[in-house]
Amino acid sequence: MSGRGKQGGKARAKAKTRSSRAGLQFPVGRVHRLLRKGNYSERVGAGAPVYLAAVLEYLTAEILELAGNAARDNKKTRIIPRHLQLAIRNDEELNKLLGRVTIAQGGVLPNIQAVLLPKKTETHHKAKGK
C-alpha cells in the first residue's frame, strides 16, 4: 500500500531544559528571561544565564549548608531565619558579601565586650597559699 501513515518522519526528541543540560537545579530559562526584561543590556548571551544560575545555586547551597549546621547545633530540625543569620554572620566571606543585608527575625550575634567580663584575679589564689 502507499506508505502514508505513522511511519515516515522523525520523532521529535524529548525537550531537555537548559538547567538539566548544565546540571543545575536553578532555572536557567527564568534567569535568561529576567536578564532580558530587566533592561541590563540590549542583548544577553547564551552563557550568561547559565553562569548566573550556577553562581546563585552555589551561594544558596553554601548558605543552606551553614544554616543547617547552625540548626543542628541548636538541636533543631527546621532552619529558621535565626539560623540563616548565625550562618551568614559567623562566616567571614558571606558576612562581607551580605554585610548591609537585614534578615527579618534574625536577631543579633551574641557578643560581650572583654572589658565587661569579670576579671580573673590572681591575688585570691596567692592569699590562700600564704
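Each Cβ is built from the backbone N, Cα and C atoms, and glycine gets one as well.
Features as listed in Swiss-Prot:
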REGION    1-22  region 'Disordered'
MOD_RES   Ser2  N-acetylserine
COMPBIAS  7-19  compositional bias 'Basic residues'
MOD_RES   Lys10  N6-lactoyllysine
CROSSLNK  Lys14  ubiquitin cross-link
CROSSLNK  Lys16  ubiquitin cross-link
MOD_RES   Lys37  N6-crotonyllysine
MOD_RES   Lys75  N6-(2-hydroxyisobutyryl)lysine
MOD_RES   Lys96  N6-succinyllysine
MOD_RES   Lys96  N6-glutaryllysine
MOD_RES   Gln105  N5-methylglutamine
MOD_RES   Lys119  N6-crotonyllysine
MOD_RES   Lys120  N6-crotonyllysine
CROSSLNK  Lys120  ubiquitin cross-link
MOD_RES   Lys126  N6-(beta-hydroxybutyryl)lysine
MOD_RES   Lys126  N6-glutaryllysine
MOD_RES   Lys126  N6-crotonyllysine
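In the shown protein chains, 9 other C-beta atoms lie within 10 A of the C-beta of Gln105 (N5-methylglutamine). Here the compositional bias 'Basic residues' (7-19) is broken down by DSSP into helix, strand and coil counts: 2 helix, 0 strand, 11 coil.
Counting every protein chain shown, the Cβ of Lys96 (N6-succinyllysine) has 8 other Cβ atoms within 10 Å. Cα of Lys14 (ubiquitin cross-link) to Cα of Lys37 (N6-crotonyllysine): a span of 28 Å. The distance from the Cα of Lys119 (N6-crotonyllysine) to the Cα of Lys75 (N6-(2-hydroxyisobutyryl)lysine) comes to 32 Å.
Here Lys75 (N6-(2-hydroxyisobutyryl)lysine) is compared against the recorded positions Lys10, Lys16, Lys96, Lys120, and the shortest C-alpha distance is to Lys96.
The two recorded residues Lys96 (N6-succinyllysine) and the residue listed as 'N5-methylglutamine' have their Cα atoms spaced 20 Å from each other.
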